[in-house]
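> Quick one: this structure, given as structure tokens, is what I'll be asking you about.
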């Protein structure tokens, strides 16, 4: 008694104006007619939302009882307790516990006509209270309270929910805020475990994403009005334009109404699932300031047959139900009690819900209602698995099953086990199961509150969040809404730097001009020019490749070894592209990639040029009497030559990366007042080996081309190769002293310039004359002209 009274004293101040439902399951061999509701005091305000939950439960139970494949030999029954606040909720919990009769062992085994599961209150705070009470008796509690605290298996060992924990929702909201670039926000929560736990998790996750919180406040709808007024003043003085509201529909209505009355508008609201899709928001006089709100909520679903069930309700179906009586009288503003003096007109009997347009009968957007429906089926499937257990394949010792039969006993821990392991698919294909903590998989829809033609607020889905996906793909936006800017300080312009404001978060800073010589006040032009020249080289190479491909059957292309020409153009494209890896902030991968990519692509390029040179020489020698040199240097040998030369460079690069690869380095040797970010070579021997091998091939190719420069051809390929190699060697000979003497960013610029200059030299010297003839002198593109007989 002392333990239970402590719960009552802690939670007795919860709102007592709304009807809630605790659902108790029982078993019977026959179907139950009607709905039994224990006597309870009448709630001051009727809550259609909770009544809809109760009717969904009844619909699900009746649907299961009609299903011959699910619990074929038993009928589910239910009791619904009318509870108007935490006091009555705990009374109901104690009544359920005290009704456990005929205990036959220390394992709380009970007769089959007692409860086997409870579908609890939809709010987190009441659920925390009664789940601790009934959890001591191993009674399973299944519902959709979202507080992350309920995942604690030590405190709540029997709690399961068909909705994700607020832990995931809080982190999803942090990702949402980061997505829109809101780095300066306010946070307001309901003053209970649900709100305080949720907002604390959100603030922690937001800090990880670089988001700062200007203020964090909490209040309760049942708290003193002064607290609400103080929070309104905080919002009025704040500079942030985004408010994350982790609260229920009761608190958000009060807050929105007060802000609206004081004309505080222009705020972007980010809401929790407890209010973001609540239809009753329209009832608040300040609902207009909530337009455009964003928030995560559970996914929509369809429940076939539920609309017909709701529209077919009538007091005659439940003559003893206080719920139904109060609902009917409130909905049609009439009195079913003819003798009582309620001040309302007597009901005519012709009232019907068939043409009802209220949210109660609206099933177009079932979210939380679907969780009630799933909760009933969780219990049904668990009991069905328990019933159909085969001896030797059971989950208990030595493969045994529970002793549950029609007239025997069942232990709560056995039912608990089957709920733990339940797994089934809904009619819409959703897989329902529980994780170790009793939670469901975390998947939300992102909704944007908009005004409908009927003047009501409606949440339109604009994205999803799925925690089961990889980190970078969990949050997906399908329709980007217009969002305001909410930052403490705008980004500093070039020429200024950040100075943190005293006593403010890191998101708040002043932009102070940089001292002379520290940083330029304009964007650097050098990097942009180098990128443009690199892309121009790629474009020209691609253009010449297309010209050669479109004229590949012409004599000038065929005479110059078309296969090696195409391979050379491809390697030149890679040479132009590899220069881009030298631009930008150095990283571990970019440092290793830039030098190895440069070394391998240039060797591939020089190998192709060398192959073309050797073909020219072999072709001339083959014309001499008795010579068969072309037989020994055909296409297969040419390909093998290119692969062999390139493989040597690949081997050098692998050794370099294995022994001592390049790495990012903060160079502080050149200047005392600044740090230069660059790539250290790692092994200098590896770098010079790569360059040396390129130079060796280039010199060999130059010598062969020089020897073949005077061959008696009208169109001598060797002349163009000689010029290209002369440019190539000249560029890289001058590169070495320039590279050694260039400091900082100019060292990289020299490297890029050498790559681009040598690439353009090869491209223009070898391919530009041929393209000129193909496009502008087609009369020279003949076999007779090529062999010099004209």
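In case you wondered, yes, glycine gets a Cβ from its N, Cα and C as well.
Predicted automatically and left uncurated, TrEMBL annotations should be read as such.
What you are looking at is a predicted structure, and each value in this text was computed from that prediction instead of being measured.
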> Looking at the candidate ranges 489-509, 720-740, report the one that TrEMBL labels transmembrane segment.
720-740
> For the transmembrane segment (720-740), could you work out the same-chain residues 6 or more beyond its ends whose Cβ comes under 8 Å from its Cβ atoms?
606, 609, 612-613, 616, 691, 694-695, 698-699, 701-702, 705-706, 709, 747, 750-751, 754, 757-758, 761-762, 765-766, 769
> Which sequence positions outside the transmembrane segment (752-776), separated from its termini by at least 6 residues, show Cβ-Cβ distances below 8 Å to it?
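530, 533-534, 537, 540-541, 544, 547-548, 551, 554, 556-557, 560, 565, 568-569, 572, 575-576, 578-579, 582-583, 598, 602, 605, 609, 720-721, 723-724, 727-728, 731-732, 735, 739.
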> By Cβ distance under 8 Å, which residues at least 6 away from the ends of the transmembrane segment (687-708) in the same chain are close to it?
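For the transmembrane segment (687-708), the far contacts come to 595-596, 598-599, 602-603, 606-607, 609-610, 613-614, 616-617, 620, 645, 648-649, 652-653, 656, 662, 681, 716, 718, 721-722, 725-726, 728-729, 732, 736.
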